[in-house]
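Below is one structure, written out as structure tokens; comments come after it.
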Amino acid sequence: MGIYSEREVQAVPMTFKRRWTDEAIRALVDQDKGLIDPRIYADQDLYEIELERIFARSWLLLGHEAHIPKTGDYLTTYMGEDPVIMVRQKDGSIKVFLNQCRHRGMRICRSDAGNAKAFTCTYHGWAYDIAGNLVNVPYEKEAFCDKKEGDCGFDKADWGPLQARVETYKGLIFANWDAEAPDLKTYLSDAMPYMDVMLDRTEAGTTVVGGMQKWVIPCNWKFAAEQFCSDMYHAGTMAHLSGVLSSLPPEMDLTQVQMSKNGSQFRAAWGGHGSGWFINDAAILMAVMGPKITQYWTQGPAAEKAAKRLNQMPTQTMFGQHMTVFPTCSFLPGINTIRSWHPRGPNEVECGPSWSSMPMRPEDIKEEFRRQNIRTFNAGGTFEQDDGENWVEIQRGLRGHKAKSAPLCAQMGLNVPNKSNPDFPGKTAYVYAEEAARGMYHHWARMMSEPNWETLKP
């Protein structure tokens, strides 16, 4: 047998000498006063703690079941900065394991996606089956002992890549490294009805239309996650003027576009998840997706069937919904773009894979969703570029010393009389409040400062 079993290896705690105490981390976010310390977006030591305490303990979106329909189909992606392989197994289940050879650490798969019977390290040829078992080591007998027969003291079963927990929710595949973390549905909790607005409109569920895209943005991952979690405010003010203008017919100008002031947002009771939407005003959805998708999503037989199926939610009154499942799963129901944010240090994030998640039918609607997503929310999309430009400029400013010396304001809604909306489940607030943002950062601070699930669990 090897020195450690796989179970022992996965249980080894990684500890580092830190300059940030748990108490100091908690002080970075004050949800009661609505204050955020800007160092959370730019500090390298905080980022290293994020990799350990957030990305190694949270349920992270990796893809859709439609990405890997057949045995041996795989997709390579990331959990934090750890490269992983997601593979469909012979029994139909899904495994996720570290994309790392246990010999010298080389990736065992260098393609983005495909179908394989095995994964072979290109450095020394160690080979692993689709379940992650080490099955072949070149010159094994010669390299590990001089016996021609018998036990060499090297057991291949000890040297498979680290395995993650895998669970799915209505087509979405999530993984988690932490054996002590709550199960996925407990983790999602009261956010599930808001996810269902996109994922559960029909009995057939959703599929993936078109390919996947990936791109890198030089900004901290939390700017992107927070915007999808809580920030309808930017869409109704300045950020998307160019995107909206490009969508208008020639006879209209921006003076004729009025964004709604009526809407709500949701803050999860636990977990940092959040969502927001306008009520009974389709202007934003029309500006992004055009009349065909807006009508399909809000009127007619498909919308009526969805409303009956999702009777917990008044879906036909919800427009322009945005959502983040903490930390990095973000999507836009009605626009139907969905993506993960993969951190690349404190100053960079990779968006992807990003894809369009669509109802199973009809075909013309799927094609219209695909076409409009290409135009608006992808690497070259008008709205995507509007968002990215703002995040990048914020990050550039945070290179300075004084830019990180004063707290940022997250006080919208703090001094406003309670505007919870009883028509929607869970804790809700006014659409232009920052209740969901305060919830996200409060949970961020808890995960960063509470290493034990006994205190952190729901």
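Each residue, glycine too, has its Cβ placed from N, Cα and C.
DSSP classifies H124 ([2Fe-2S] cluster binding site) as coil under the three-state reduction. According to Swiss-Prot, the feature [2Fe-2S] cluster binding site maps to C101, H103, C121, H124.
Residues or ranges marked as Fe cation binding site by Swiss-Prot on the basis of similarity to another entry: H234, H240.
The domain 'Rieske' feature in Swiss-Prot is assigned to 59-157. Under DSSP, residues within the domain 'Rieske' (59-157) fall into helix, strand and coil as 10 helix, 36 strand, 53 coil.
In the three-state DSSP classification, H234 (Fe cation binding site) falls within coil. Distance between Cα atoms for H124 ([2Fe-2S] cluster binding site) and H234 (Fe cation binding site): 51 Å, as a whole number. For H103 ([2Fe-2S] cluster binding site), the Cβ neighbour count at a 10 Å cut-off comes to 15, with all displayed protein chains included.
Taking the Cα atom of each, H103 ([2Fe-2S] cluster binding site) and H234 (Fe cation binding site) are about 49 angstrom apart.
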